[in-house]
Amino acid sequence: MHEMSIAEGIIEIVERTAGRSGVTRVKEVRIEVGELAGVDISSLEFAWVSVTRGGPAEGSRLVIERPRGEAWCLDCAKTVPLAKYGDPCPVCGGFHLAATGGTEMRVIDFVPED
């Protein structure tokens, strides 16, 4: 389950940033995980509970924004929605697609506890 290592990476970023800012408790963390990033969201949420235990983000809410998948079709030269890798172009049916959106994965910000 690579979602555990993703959760560990997120909490490492949050704890390091919180520590530099003098924040001792975190109540919410906002991240962005694109639809094409290959991350199982329920597994990531499960891992979050585990990696935050005993730290400044214990009990914090993980808010996940999900940018839609998007691709450039090399066959019809159009930007098209892409639900998953391997799907054909919804315009021309071609399979020569290059993902242009929905692959991102980043920490947006966090909310310190009052």
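Any Cβ shown, glycine's included, is placed from N, Cα and C.
Note that this is a predicted model, so its numbers are computed, not measured.
Taken from TrEMBL, the feature Ni(2+) binding site covers His2. Around the Cβ of His2 (Ni(2+) binding site), the same chain contributes no residue under 8 angstroms that is 6 or more positions distant in sequence.
Residues annotated as Zn(2+) binding site in TrEMBL: Cys73, Cys76, Cys89, Cys92. Under DSSP, Cys76 (Zn(2+) binding site) is assigned to coil, being neither helix nor strand in the three-state scheme.
Shown in sequence order, Leu74, Asp75, Ala77, Lys78, Val80, Pro90, Val91, Gly93, Gly94, His96, Leu97 are the same-chain residues outside Cys73, Cys76, Cys89, Cys92 whose Cβ sits within 8 Å of the Cβ centre of the Zn(2+) site. Counting every protein chain shown, the number of other Cβ atoms lying within 10 Å of the Cβ of Cys76 (Zn(2+) binding site) is 13.
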